[in-house]
Amino acid sequence: MRVALKLAYIGTEFHGSQIQPNVETVEGELFKALRNLGIIESPKSANYTCAGRTDAGVHALEQVVAFDTDKLNLAIPRVINSELTPGIWVWAHAEVPLSFDARRDAVSRHYRYVMSGKEYDISKIREASKFLLGTHDFENFSRTNGEKSTVRTIERIDARIDGELIKIDVVGNSFLWNMVRKIVTALSMIGKGVRDTDWLLQMLNPEIYEEGIESAPAYGLTLLKVNYNEKIEWIEDNYSIRRAGDQNQKRILRHRVMAEVLEELISHE
């Protein structure tokens with residue numbers, strides 16, 4: 001049988017999602033848990049697939065992975081979570097066809113970037129985002145990673161103000177390495193008035209215009225959702241969701257305390 005999982009993770013606690021030697025990664029921790037439980041022997045023998053790689057510091061709410069196993073009774077969120085570090089949690093599972101590939105079968109991916117909104121003109125960001133919709137060559141918005149083509153399609157970009165923050169949602173069929181974070185950088189520059197839409201149009205024509213721009217910080221980016229055409233009967237584990245929520249409330253409290261401490265360090269009072 002083949003099982004798919006939805007997992008979430010705090011990206012700042014890992015050196016990316018893809019397994020690497022000598023550093024802690026999301027896949028490294030997941031594979032260790034699955035092996036310890038006897039769910040798989042190895043990723044290769046289980047035909048493991050993942051919806052997409054996230055870089056160090058990037059978070060996920062709904063990363064999707066799939067693998068073959070004959071231990072369906074163990075391949076469920078609360079059992080797997082018992083072997084996972086608190087920075088990762090599985091919260092839904094489903095039986096899927098043996099042919100299901102979490103990456104190739106995905107039709108779109110939804111990312112959200114959160115940043116401070118005090119310095120930006122949201123109307124300029126929204127206007128500029130319209131030029132990015134559709135199919136373009138995003139070579140100027142990526143780090144070279146051996147991709148055969150840098151042409152990608154963006155289906156939707158939404159920018160909105162939420163209190164003192166700006167949230168930018170980007171939905172597309174697939175993304176190049178660092179593409180979303182570089183798009184955020186470009187929109188931020190336009191929102192600050194440092195660049196304009198004429199420059200953005202030039203950036204979308206890499207055959208005649210080349211410019212490297214920095215990626216926005218990884219900690220603001222989350223993979224929110226991966227979409228598939230085929231209907232998958234996901235079973236959510238409310239206990240695992242509730243437990244993760246409790247742990248994240250503790251993280252929120254810690255960050256609030258740290259924010260106050262930093263304010264005191266600035267004020268010298």
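Each position is counted from 1, following the chain as shown.
Any Cβ shown, glycine's included, is placed from N, Cα and C.
The following features are taken from Swiss-Prot:
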- ASP55: active site, nucleophile (ACT_SITE)
- TYR111: substrate binding site (BINDING)
Which residue, of the recorded positions ASP55, TYR111, has its CB surrounded by the fewest other CB atoms within 10 A?
ASP55
Rounded to the nearest Å, what's the C-alpha distance separating ASP55 (active site, nucleophile) and TYR111 (substrate binding site)? Just drop the number here, would you?
13
For TYR111 (substrate binding site), what is the secondary structure by DSSP, using just helix, strand and coil?
strand
